[in-house]
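As written in TrEMBL, here are the features:
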DOMAIN    1-223  domain 'Protein kinase'
BINDING   Lys19, Glu68, Asp75  ATP binding site
ACT_SITE  Asp115  active site, proton acceptor
Amino acid sequence: FGLVYEGTRCKDGLKFSMKSIFNHPGHPKRLPIEIGLMLMANKGPSVPQIIELLDWEDNTDHYVMVMERPVPCVDLFSFVDHHGGSLDEGTARNIMRQVIDAAKTCCERGVFHRDLKLENLLVNQDTMEVKLIDFRCGALMKNSAFKSFSGTRAYCPPEVKANGRYHAKPTLVWTLGILLFAMVCGHFPTDLDLNMISENNWIRPECCQMICDCLQLVKLFVG
């Protein structure tokens, strides 16, 4: 459980968000995973598609993170809803390009976000810049399988249902496919939807092909 506050730095007018998360009883002294992952994701050259961690503090009963706050911005779920429940393919393409850049950078820096979804992406309504937020469900990248699912069920890959395990990179690709489908179609795919996409029945072939490629990779991995 936690709280998020909005603020403005007096000396230069910088807009920021301050997130305070309550630690569980018996909280270990090691660095909270969310802070650690954000430090890793922000390490190296700045990547505009990943929210910047400005400062942090870890206390006995809670930890605090201070992050940049783009203005004006809304989460991608609200953005899609404001545009009638789905996006045109040009807008979706621009957003997906940035999301892929964020996901690729996280992987390269050893971070598996695990909850890449509409609600965890901020869209600046003036510039259309996208930023990935909320690393609470994340983990360190690894080649071996994860044995417990963490994230949002609507984006859960078939590998979890098949054998209770999943691998980071194929799962990330599956998530990107679900995200693109949700943006252009306005809902999460059913089995019937997936069959229609594979037959290129209602959206541009290039968009269908990208969604199919994302979702087929994981199916092949499971098989």
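Backbone N, Cα and C atoms are what each Cβ position is placed from, and that goes for glycine too.
Counting only the Cα atoms, the space from Glu68 (ATP binding site) to Asp115 (active site, proton acceptor) is about 20 angstrom. DSSP assigns Asp75 (ATP binding site) to a strand in the three-state reduction. The ATP site, placed at the center of the C-beta atoms of Lys19, Glu68, Asp75, has further neighbours from the same chain whose C-beta lies within 8 angstroms: Val4, Ser17, Ile51, Met67, Arg69, Leu122, Lys131, Ile133, Asp134. Annotation for Asp75 (ATP binding site): spatial neighbours Leu118, Glu119, Asn120, Leu121, Leu122, Val123, criterion Cβ-Cβ under 8 Å with sequence separation of six or more. For Glu68 (ATP binding site), the count of additional Cβ atoms within 10 Å of its Cβ stands at 16 [all protein chains shown]. Of all the Cβ atoms in the protein chains shown, 19 others lie within 10 Å of the Cβ of Asp115 (active site, proton acceptor).
Between the CA atoms of Lys19 (ATP binding site) and Asp115 (active site, proton acceptor) there is a gap of 18 Å.
Max Cα-Cα distance over the annotated ATP binders (Lys19, Glu68, Asp75) is 16 Å. A simple way to gauge crowding: the CB of Lys19 (ATP binding site) has 18 other CB atoms within 10 angstroms, across all the protein chains here. DSSP assigns Lys19 (ATP binding site) to a strand segment in the three-state reduction.
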